[in-house]
Amino acid sequence: IGSLNISGRGGTNLKNFLDLRQIMRENNLAVVAIQESHLNDLLLMEVNTKLRGFQVVKGDMGNSTNTAGVAFMINNDILQQEGHTIKIKELIEGRALHVILPLKNGTQLELLNIYAPNVDTEMITFLENLILKMETSQELMNPTILGDFNWTENALDRYPMREEPNERVRALFNEIFARWNLIDGWRTTNSNVREFTHRHVNGNKTISASRLDKIYISRDNFIWSFEWKIQRTYISDHDMVMVTLVDEKLPYLGKGLWRLRPDTLKDKAFRARAKALLIEAQDSITTYKIRTKAMTEEQILYIRKERSIQHIILELKQKIQQIAKHVD
């Protein structure tokens, strides 16, 4: 999953969404939360007509192209929604959008996309309203909250480094985090790293930067997450944040068995080299068995560290893989 404030360079238009689709394909993203989408019904219809294999969903409270606007872009090739209903509810017009996406094995992905105001008084009103909406929602259970927070929790997330001054804003965010047991996944994974998602050139030509775009995940779900990333994009002045979530009910899948291609086995050069390697390995195993017959337990343990039968077989496999790649 990912999150991106899509506006910032020339406004939002069809091309922004087509470019975002390409980014989602390249990064194998199932769903991206979008802020500053500026979507009216006409643009939404045009976008969904052009986005083959993808769809954009938004709330139904308004039809304006104001400075806010939250939406989700969904990769149907990954989520495969046929026969399932996406549940979507706009908690605050243009600012908070809740979605429940059904997954293949009967579970669901619950996301809350927020675009917070950047003025403290408006932020306080927004957060107080958001808490009320979240607490009274019958469908909001265990959300992952992602979006443009226009606020930083940690002084490391600002350049120049500083704490957020408004204690009321901090208290309201902390109330949300405590109530839904949420943590900043990227910061938890990168405790002392400094990276930013937005940069700004000030009037005096100095540069300020901040990590405004974040993903807050419950502690229970955090253990099923990995690859927390911040990635530059060419379609916005914000960077995209993303994470990979693993469905806890799916079995662990390893790399699978390695097999030689039938065409490779028929290749004369491969067969000749592989035969020589097999004979060499067979001789090494025979020598190992003869040497260890008259040895003490300690001597055998020492040799096993250097050249056991397992080592011989592993080395043989690696060599055969190398020549197979050359043939392929």
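Including glycine, each Cβ sits where the backbone N, Cα and C put it.
The domain 'Endonuclease/exonuclease/phosphatase' feature in TrEMBL is assigned to 3-238. Look at TrEMBL and you will find ASN5, GLU36, ASP148, ASN150, ASP237, HIS238 tagged as Mg(2+) binding site. Annotation source TrEMBL lists active site at TYR115. Taken from TrEMBL, the feature site 'Important for catalytic activity' applies to ASP213. TrEMBL lists HIS238 with the feature active site, proton acceptor. If you look up TrEMBL, you'll see HIS238 marked as site 'Interaction with DNA substrate'.
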Among the recorded positions GLU36, ASP148, ASP213, ASP237, which residue has the fewest other Cβ atoms within 10 Å of its own Cβ?
ASP237
For HIS238 (Mg(2+) binding site), the three-state class that DSSP assigns:
strand
Average model confidence [pLDDT] within the domain 'Endonuclease/exonuclease/phosphatase' (3-238):
92
Which has the fewest other Cβ atoms within 10 Å: ASN5, ASN150, the binding-site residues listed?
ASN150
In angstrom units, rounded to an integer, how far apart are the Cα atoms of ASP237 (Mg(2+) binding site) and ASP213 (site 'Important for catalytic activity')?
12
Please list residues from the chain of TYR115 (active site) whose Cβ is under 8 angstroms from its Cβ, counting only those at least six apart in sequence.
ASN5, GLN35, GLU36, ALA68, GLY69, VAL70, GLY94, ARG95, ALA96, GLY147, ASP148, ASN150
